[in-house]
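Quick look at what Swiss-Prot lists:
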BINDING   His56, His58, His114, Asp133  Zn(2+) 1 binding site
BINDING   Asp60, His61, Asp133, His171  Zn(2+) 2 binding site
Amino acid sequence: MPLELVTVPCLSDNYAFLVHDAGTGETSVVDVPEAGPILKALEERGWHLSQILLTHHHSDHVAGVEELRAATGARVAGAAADAHRLPPLDLELAEGDLVRVGASEGRVIEVPGHTVGHIAFHFPDSSLAFTGDSLMAMGCGRLFEGTAEAMWQSLRKLSALPPETMICSGHEYAASNARFAATLEPDSPMLIFRVGSIAAARKEGRPTVPSHLSDEIATNPFLRAGEASLKAAVGMVDAEDAEVFAEIRRRKDKF
């Protein structure tokens, strides 16, 4: 049975994600920007939280962990490589490790770039991937700690997941990301359509997260740095893919 997903808006533009196994009644949350909205969502559904999964150490993803742990008794799991700067962990995770939510099994994917210890969680039976600030709707996270080469390889790992995978990223950044993408390829029909769809969703107050991986592969410039058309668009026809990615990231940082 696929996991039930609840997207919980937090802070000004963050998301936390509740995942619930109806068969066993077990519930986990991915990232805790703040505890209040998550506790409210749990109470509204009568769910009990047993596990907190963390993608990376930034405060807007972990600030509510201690309050939520105290209120629910949930255990906390995060990257072993970042254990020294995450809230105290009950379970330290690395590439290929498995986490469970009820009967569902998720695999840990190390995705350095935004931070050096960033991880993602892929639940194949539910077609869900929780990517934090690595792969995002129409974008990717800034390179605060890692290199462009590291982030490019991380994005390649995520883009190799099944195309039907829903990408649950940590922020509502799609509108700005889409406007930036349109500056690179203003005449792309697929991009024009997606920019319009995102704008319409935001106008109606609907989240753009999660997004389909297939849509990201088709329109997200940070996944397309190896494509000839995008290399031509940025004037880097003969450059290595990671170099093109780095240039796109540099332009986005200044956008």
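Even glycines carry a Cβ here, placed using N, Cα and C.
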- What is the Cβ neighbour count of His61 (Zn(2+) 2 binding site) at a 10 Å cut-off, with all protein chains included? 28
- How many Å lie between the Cα of Asp133 (Zn(2+) 1 binding site) and the Cα of His171 (Zn(2+) 2 binding site)? 8
- Taking the centroid of the Cβ atoms of His56, His58, His114, Asp133 as the Zn(2+) 1 site, which other residues of that chain lie with their Cβ within 8 Å of it, listed in sequence order? Thr55, His57, His61, Thr115, His118, Gly132, Ser134, Gly141, Phe144, Gly170
- Query: Over all shown protein chains, what is the count of other CB atoms within 10 A of the CB belonging to Asp60 (Zn(2+) 2 binding site)?
  - Reply: 18
- Message: Take the mean position of the Cβ atoms of Asp60, His61, Asp133, His171, the recorded Zn(2+) 2 site. Which other residues of that chain put their Cβ within 8 Å of it?
- Response: Asn14, Asp31, Pro33, Thr55, His56, His58, Gly132, Gly141, Gly170
- What three-state secondary structure does DSSP assign to His171 (Zn(2+) 2 binding site)? strand
- Query: Which residue, out of the binding-site residues His56, His58, His114, Asp133, shows the minimum number of other Cβ atoms inside 10 Å of its Cβ in this structure?
  - Reply: His58
- Message: Using DSSP and collapsing to three states, where does Asp60 (Zn(2+) 2 binding site) fall: helix, strand or coil?
- Response: helix
- At the Cα level, what's the spacing in Å between His56 (Zn(2+) 1 binding site) and His171 (Zn(2+) 2 binding site), rounded? 13
- Message: Give me the count of other Cβ atoms within 10 A of the Cβ belonging to His171 (Zn(2+) 2 binding site).
- Response: 22
